[in-house]
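Notes for the one structure printed next.
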Amino acid sequence: MASTLPVQTLPLILILLAVLAPGTADFNISSLSGLLSPALTESLLIALPPCHLTGGNATLMVRRANDSKVVKSDFVVPPCRGRRELVSVVDSGSGYTVTRLSAYQVTNLTPGTKYYISYRVQKGTSTESSPETPMSTLPRKNMESIGLGMARTGGMVVITVLLSVAMFLLVVGLIVALHWDARK
């Protein structure tokens, strides 16, 4: 005798699929951990959308705080090469580390300003979006306020002279040592 359980559960499964996958889903822009600073003075580094949206048409929306104007930028979500992290270690050894940066850079921003960033990605018939994430650019420092110390001044001249004298003494010592060795 065949069970009627699969036939009875099919409508329930279809209803759950319709309710749980309405066509618009949310994803979060990653927390940007592992990066020294995602913010620069006139640009921001933003994590790419998740891997399941590869090939989708992404719209990055940037809104300045206390402003209603939204600047949009469209691009195709690039394919994933391994896990999608903002910064991933590609190779490490012998005292060096090679990393790959998987981010979208928003440029031409105002220094020291707060922005709200969000994505909307359309892939096929479904559209997914991220909530607005606040990010701020770094303030621009006045050039005169940056302490240079002895950069490009007497310190460099002194080091260059000391190294030149030491090199001269090494060459003279090598010539004298070779000359004495040839006498014996």
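Each Cβ is built from the backbone N, Cα and C atoms, and glycine gets one as well.
Annotation comment: Swiss-Prot describes Asn28 (among others) as N-linked glycosylation site.
Under the three-state DSSP scheme, Asn57 (N-linked glycosylation site) falls in the strand class. The N-linked glycosylation site annotation in Swiss-Prot covers Asn57 (among others) and rests on sequence analysis.
The C-beta environment of Asn66 (N-linked glycosylation site), restricted to residues of the same chain at least 6 apart in sequence and closer than 8 Å, is empty. Residues or ranges marked as N-linked glycosylation site in Swiss-Prot: Asn66 (among others).
The signal peptide annotation in Swiss-Prot covers 1-25.
Residues annotated as topological domain 'Lumenal' in Swiss-Prot: 85-155.
Under DSSP, residues within the topological domain 'Cytoplasmic' (181-184) fall into helix, strand and coil as 3 helix, 0 strand, 1 coil. Per Swiss-Prot, topological domain 'Cytoplasmic' is recorded for 181-184.
The transmembrane segment annotation in Swiss-Prot covers 156-180.
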What are the sequence-distant neighbours of Asn57 (N-linked glycosylation site), meaning same chain, six or more residues apart, C-beta distance under 8 angstroms?
Asp74, Val76, Val77, Val121, Gln122, Lys123
What residues in the same chain, six or more past the boundaries of the topological domain 'Cytoplasmic' (181-184), come closer than 8 Å to it by Cβ-Cβ distance?
none
